[in-house]
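Structure, as structure tokens:
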Amino acid sequence: MTEAKPVRVAVVYGGRSSEHSVSCISAGAIMEHLDPEKYEVVPIGITREGTWTQGNRAGLNIVDGRLPEVELHDELALSLNPATRGRIHNVTRHEHYTEVDVIVPVLHGPYGEDGTVQGLFELSGIPYVGAGVLASAVGMDKEFTKKLLVAEGLPVAPQEVLTGEATLDDLQKERLGLPVFVKPARGGSSIGVSKVSAWEDLEAALTLAYESDDKVLIEPEISGAEVEVGVLERPDGSLQASVPAKILGTTESEEGFYDFDAKYIDEGVSAAIPAPLSEELTAELRQRAIEAFRALGASGLSRVDFFVSDYSYCINEVNTFPGFTPISMYPQVFAAVGVGYAELLDTLIQTALARS
């Protein structure tokens with residue numbers, strides 16, 4: 001009996017977004033944990049300028065506070081012809097490079113998590129992990145995510161939306177109160193996010209947010225705990241919600257919130273997994289996370305972030321491809337229900353293949 005060949009998995013990482021380095025860190029962890037008996041890994045990097053290039057498995061972690069970055073080698077291109085799906089061409093050398101069976105797009109932020117690269121994969125006919133074009137695009141835009149969730153009857157955090165470098169008027173300020181959080185509408189990893197405790201600091205916060213996006217959200221601070229729930233789709237289409245994780249705080253965050261350095265550099269974030277919530281509330285949050293996943297039409301995976309107080313809760317964000325670094329919440333909350341990192345990846349890849 002002939003042994004089955006390992007599935008060839010292209011792990012695509014880097015990209016043009018401000019979350020380039022986070023993507024590299026996630027990809028390094030993913031490649032390290034893929035079962036070599038089941039999967040043959042083909043690393044593909046995307047430079048900050050957007051060139052697809054030969055990747056590598058080493059050097060994708062933080063060293064002495066320095067963030068990893070994709071270096072340009074030979075340029076690569078994915079075939080867009082479904083008849084030759086999975087074929088990758090070496091543009092620099094004008095020759096065939098390799099073929100792959102499935103793609104894991106470990107791309108956070110614009111040009112990766114927003115439906116653009118998913119459209120490329122749809123054109124090529126290649127199976128890929130994660131949400132499709134529409135769910136990725138909606139999930140990337142926090143304004144439209146909330147509009148969709150509200151239409152489905154799900155509770156969301158209030159917000160004001162600004163575009164074109166506009167600022168808040170007095171009525172909006174009165175509605176929001178202080179403090180507020182200012183964030184790019186289509187960003188992640190807390191990049192470009194500021195906490196504003198005095199209105200005279202608003203313009204500086206808006207300037208920072210507008211550097212990342214031409215649409216900005218202003219949200220009031222909501223008293224209560226930050227609670228995160230992961231959702232995993234299995235090959236048969238069934239959905240599993242993780243236990244909730246409660247963010248306990250950061251040890252060194254000068255910004256006063258769960259910021260980029262706390263998430264990826266300082267390792268200053270601690271979490272209670274499972275969150276110390278009642279059985280009833282835990283079950284309700286897990287169900288709401290699944291409902292949010294379905295409302296977006298997501299696939300494969302998501303992480304749903306809640307604000308939870310003593311008497312109520314609301315959804316803050318839905319992330320259609322959450323961070324996969326070794327200290328990211330998504331792998332941790334599933335480890336707490338017995339789904340280890342390697343099994344998590346195996347499930348995601350098999351789900352992508354079953355969907356194709």
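Positions of Cβ are set from backbone N, Cα and C atoms, glycine also.
Some features that Swiss-Prot has for this protein:
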- 173-228: ATP binding site (BINDING)
- D305, E317: Mg(2+) 1 binding site (BINDING)
- E317, N319: Mg(2+) 2 binding site (BINDING)
- 146-350: domain 'ATP-grasp' (DOMAIN)
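Features recorded in Swiss-Prot, as mapped to the structure shown.
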residue : record                : contacts (Cβ under 8 Å, 6+ apart)
K173    : ATP binding site      : W199
V180    : ATP binding site      : K195, V196, L202, I218, E219, P220, E221
G187    : ATP binding site      : S18, E19, G109, P110, V193, S212, D213
D201    : ATP binding site      : S194
L208    : ATP binding site      : V182, G192, S194
I222    : ATP binding site      : A157, F307, S309, C314, N316
D305    : Mg(2+) 1 binding site : E226, V227, E228, I315, N316, E317, V318, N319
Intrachain C-beta neighbours of K215 (ATP binding site), sequence separation six or more, cut-off 8 angstroms: D141, E143, V161, L162, T163, P184, A185, R186
For E317 (Mg(2+) 1 binding site), the number of other Cβ atoms found within 10 Å of its own Cβ: 18
Cβ neighbours of S194 (ATP binding site) where a neighbour is any other Cβ within 10 Å: 21
In three-state DSSP terms, the structure that K215 (ATP binding site) belongs to: strand
Secondary structure at G187 (ATP binding site), reduced by DSSP to three states: coil
